[in-house]
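Enquirer: Following this message is one structure expressed as structure tokens.
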Amino acid sequence: MKFVTKERTNKSGPSTPTPEEDENVDIHNSYIAPDIEADDVPFNNAASSTNTPPRSPRLHASSSKRSRSRKSEDIRSKSGKSEDIRSRSGKVEEHKGADINQVGIYITWSEVWVTVPTKRGGRRPILDGLTGYVQPGECLAIMGPSGCGKSLLLDTLAGRLRTNTAQTGDILINGRRQTLAFGTSAYVTQDETLMSTLTVMEAVYYSAQLQLPDSMSRAEKRERAEMTIRDMGLQDAMNTRIGGWSVKGLSGGQKRRVSICIEILTNPKLLFLDEPTSGLDSAASYHVMNRIIKLAQLDKRTVIASIHQPSGEVFELFDNLCLLSSGRQIYFGPTARASEFFASSGFPCPAMRNPSDHFLRTINKDFDVDIKHGHGGSVVTAKKAIDILVKTYLSSETRRQAVSKVYEICQKHQETIVERDRQAGFITQCQVLTRRSFINMFRDLGYYWLRFVIYLALCVSIGSVFHDIGHTYGSIQDRGSVLTFIAGFLTFMAVGGFPSFVEDMKIFGRERLNGHYGVAAFVVGSTISSAPYLCFISVIPGAIAYFLVGLQRDFEHFVYFCLLLFACMLLVESLMMMVASIVPDFLMGIITGSGIQGVMMLNGGYFRLPRDIPKPFWKYPVYYISFHKYGFQGFYKNEFLGLTFPNVKVGGPPTISGEEILRDIWQVEMEYSKWVNLVILLGMVVLYRLVFFAIIKASEKLKPKIAAYLSSSRTKADDFSTAPSVELGCNVRRVRAFSLFDCRCYTVDLAFAD
Ligand SMILES: Nc1ncnc2c1ncn2[C@@H]1O[C@H](COP(=O)(O)OP(=O)(O)O)[C@@H](O)[C@H]1O
Ligand SMILES: [Mg+2]
């Protein structure tokens, strides 16, 4: 590869597109460091494929064919290794190189761009080519006005971007592309998703039991939980319920600290904190941050925190500062030198003002305020001030040092693989999740108690409307109606628990992303914990309806009635859990769940008799997959078999048997017994729970793949292409490159000899 042309394109130096250029932003900047041989390049970027230009930290101008092929081998072997790591679903068995506990986690990111779609069909950058690093034992503060991209940068570094975003640039962990999800890092997000019914101690202790390994005793886990709660200054609120929309519990700041407690329990090697001090007073902010940073220094942990309006004391705790404005890098470097940088850019911090306040005030363009610039006292708009700062930073020594540091880290720590911490075993996880979920269901009035009261009222109503149904010919129809109502409508009411399912799913989503436990343990825990409640609400209200109506009065028939009702409720609940995993919005979920049940009920064989249901679609398959069919028929068989009714038909026999009614009136499938109906329903429960498990697993596996695919297809469109050049007799690829020497951007044509 050799340089053919070298043409300066960006007058202002760095390639920072203005928002006006948003439709055709160049998101592929590279670095040129002519002093580094191509063979020395740390090719740890698995994404440097044909559809993206080279994005290794440095690129030599005259590399040979031999070195190119060697590079591609390197890429293959190293990216292959990363694939291996990922394919073991986050569990890393192989560990080469230095011990991660001694080395810690280094994160570097270079030229990271994140874009989102615009209404006009183009793409808008929301992070503009950011470069930076964090080292073990250090804490990085991401600061900037609201909406500048702090949370987005955290999400990007943690690998949690949404699918509508496209990201380019290198994010390397210890110099390699590695997946962070599931247990290698902890992330305290801005929105607290905590179980509102638990006390602080319960929430943290349950989490400790889930996250800490089985080798630790319960007493040790309890001690760890208590110690962490004290560290976060929550000892006085230990026995206070967290609370939510219905019950007032902890304040916002206290909830935040509970979230932090849960995530720092295991002393994660890498900790992301999104505005950990929001809602805290300055003293609490200081103590919380001080504790986190001390822990990081002590155990060589890596901490990245976005921070909003820190006090002077808190600000000084951070080692490095990443200052953003509208996704653009204003400053990345030592916190202590930020004031100096602002002063050298013409925005000195006035005496007696907190530097962090000064930075935020200078770079906030949401309000039309003029900023003093230079010593002459001239004023500039905030937008202009930001442009000046961005420009100054791009050509500053601080940036050059940051870039060199990134390169140095990538060079030094290429072999270390990020390991997952050991945690509680599957059985312990199932036990703890079942217990926790059982307590939550008991304390959350909306989960089952409210439904229980409504069921009682409904069953008393059923009992009085159909009271002492008797054995007349007319009671045949009444029996059919009451049983259909019980099987259809009582079970339908499980949609009432949907908001609680959605809350559970949110908590599961957060804990799962942080790797607290497995999907199977969650499915087992939620199934076992709900069974006793469903049993309770099928037996008590069921008995009221059963005996008031006067259905068959012997124990076996009553037991079957309760079991079938229980199976139907379990089934509807499983269906609603499935819906909650696909449609996490509670209103949309209720509508979807009700719609599905409505269609199933309609085709269950009561409202339209089985032989009359239109065959395409409604009978095959809807009638056969509708659980109402098996529920209705089970109830009918249980009630009608063994009974005889007077026949009112002229010329017919004097009585009509239950079996004849089932066959001729209700058109029930008589080839199998009522117990088979029960078994089919229980089988469907298992199937639904397995589908629920599969949906969660599939979305976990597919989401990153879809995001990666969308990201690559989006970047392809913006890519600089490789084209054959007749003049030179070779392929020429045009790339944008950033030179470390003069901090300027170039468009470079690279010629390939083959
Ligand atoms: N997935 C997304 N799609 C579209 N816009 C997004 C997305 N994520 C973030 N943004 C936008 O990026 C900007 C930065 O958001 P954020 O990182 O949440 O800000 P903050 O600095 O307050 O944490 C906001 O304007 C937000 O609307
Ligand atoms: Mg935010």
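Here the Cβ of each residue, glycine as well, is placed from N, Cα and C on the backbone.
Unlike curated entries, TrEMBL annotations are predicted automatically.
Annotations for this protein, taken from TrEMBL, read as follows:
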type     : residues : note
REGION   : 1-93     : region 'Disordered'
COMPBIAS : 1-10     : compositional bias 'Basic and acidic residues'
COMPBIAS : 70-93    : compositional bias 'Basic and acidic residues'
DOMAIN   : 107-351  : domain 'ABC transporter'
TRANSMEM : 445-467  : transmembrane segment
TRANSMEM : 479-498  : transmembrane segment
TRANSMEM : 519-546  : transmembrane segment
TRANSMEM : 558-579  : transmembrane segment
TRANSMEM : 586-607  : transmembrane segment
TRANSMEM : 675-696  : transmembrane segment
Enquirer: Return yes if the transmembrane segment (558-579) and the transmembrane segment (445-467) have at least 3 CB pairs under 8 Å (sequence gap of 6 or more), otherwise no.
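Expert: They do not touch: fewer than three Cβ pairs between the two stretches lie under 8 Å.
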Enquirer: Given a Cβ distance threshold of under 8 angstroms, which distant residues of the chain, six or more beyond its ends, lie next to the transmembrane segment (586-607)?
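Expert: Distant Cβ neighbours of the transmembrane segment (586-607) are 480, 484, 487-488, 492, 495, 498-499, 501-502, 572, 575-576, 579-580, 613, 618-619, 622-623, 625-629, 631-633, 666-667.
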Enquirer: Short question: which residues 6 or more past the ends of the transmembrane segment (479-498) have a Cβ under 8 Å from it?
Expert: 446-448, 450-451, 454-455, 458-459, 462, 466, 469, 541-542, 545, 549, 551, 564-565, 568-569, 571-573, 575-576, 579-580, 586, 589-590, 593-594, 597, 601, 604, 606, 628, 631-632, 635-636, 639-640, 665-666
Enquirer: Give the mean pLDDT for the domain 'ABC transporter' (107-351) on the 0 to 100 scale.
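Expert: In the predicted model, the domain 'ABC transporter' (107-351) has a mean pLDDT of 91.
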